[in-house]
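Asker: Have a look at the structure that comes next, please.
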Amino acid sequence: MADQDGDKSGYRQINKALNICAFDDYLKGQRAHLPQIPAVEQLTPRVLRVLGQNAGKFTLQGTNTFIVGKGRDRIIVDTSGGEEEWIELIQETLLDRGINITHVLLTHWHGDHTGGVPDLIRLYPHLKDHIYKNEPERDQQAIQDGQIFAVQGATIRALHAPGHSTDHMCFILEEEHAMFTGDNILGHGTSAVEDLGTFMASLQTMADQNCKTGYSAHGVTIDNLPIKISAELTKLLRREKQVLSALAQFRKRGERCAALRDIVTEIYGQALEEDTRRLALEPFIDEVLRKLAGDGRVAFQKRGGLKKWYSLEMEMAVDAKAAQVAQARAIAV
């Protein structure tokens, strides 16, 4: 998660499916009910978590940094947003425990995951050539899908899982059958995505790894990762069914196609606040429609510069019925 306006606690809007202003009050209330996370906590003998000290609207309690391994040499996953309190915690933790960092792995480019890199390099200059990220920036090292990073007691395998961002990587801790899920699966709530179809495919790829535990970049540890991923996929598939059902209702009323605004009204009703409709629901349903279009299940035509969506499945059903009627008439003649 990151912010286009430079607020390290925010989230960079990519498809505007979530809007900080529209959901400010809601998110504040949601955050107030989140469980407390200690600043530093040994989660397992191999995984130490340091909280990013960047709690915010879209970072939940803050971005989790994970220090992985059992010996002196260890690996860091994600670097928070570069808050002074975070780097002080990192420095104190490494010193007190006699830890040396050999690799820094970044799940993706968002500033609340990469912002601490300059401070790490300033304090530990040897890390300059050991910052790893998919689609790397200058002076960073590339990560390949399936690449292995190993230290004493920990073998980490990289897994390309785009959707939240194109460069998004997850990391599998082989010894624990656990996965660092980045922002794809959160400890609480649901992540925003760049591309819904790609995101759903990545969730399935993640599920196929059969990892038991999820270490999310935001929120608490996920004790049953397969159930969490399955629930997320089920929810997204339910949204697809809602959209297709709405288009079917329009067709039943004699309307072949419908605009995005009308589809949102069909699904959620008339009693919608305009900001909620315009800044959240319409962009989200538009993303679902684009995903369904990519699957060949819906299409649109432009009328007066406005996209009007229709179900290709309904079109095929109507065409098939018309063909049957024509065939029956031909036989009768």
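Placed from the backbone N, Cα and C atoms, the Cβ positions cover glycine too.
As annotated in Swiss-Prot:
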| type | residues | note |
| --- | --- | --- |
| ACT_SITE | ASP112 | active site, proton donor/acceptor |
| BINDING | HIS108, HIS110 | Zn(2+) 1 binding site |
| BINDING | ASP112, HIS113 | Zn(2+) 2 binding site |
Asker: So if I measure Cβ to Cβ from HIS108 (Zn(2+) 1 binding site) and keep only same-chain residues at least 6 apart in sequence, which ones fall under 8 Å?
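Answerer: Spatial neighbours, sequence-distant, of HIS108 (Zn(2+) 1 binding site): LYS133, ASN134, HIS164, SER165, ASP167, HIS168, MET169, GLY182, ASP183.
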Asker: In this structure, which of the binding-site residues HIS110, HIS113 has the fewest other Cβ atoms within 10 Å of its Cβ?
Answerer: HIS110
Asker: Based on DSSP, name the secondary structure state of HIS113 (Zn(2+) 2 binding site): helix, strand or coil.
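Answerer: Reduced to three states, the DSSP call for HIS113 (Zn(2+) 2 binding site) is helix.
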Asker: Once the chains shown are all counted, how many other Cβ atoms turn up within 10 Å of the Cβ of ASP112 (active site, proton donor/acceptor)?
Answerer: 31
Asker: Which three-state DSSP class does HIS108 (Zn(2+) 1 binding site) fall into?
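Answerer: Note: HIS108 (Zn(2+) 1 binding site) is coil by DSSP, not helix or strand.
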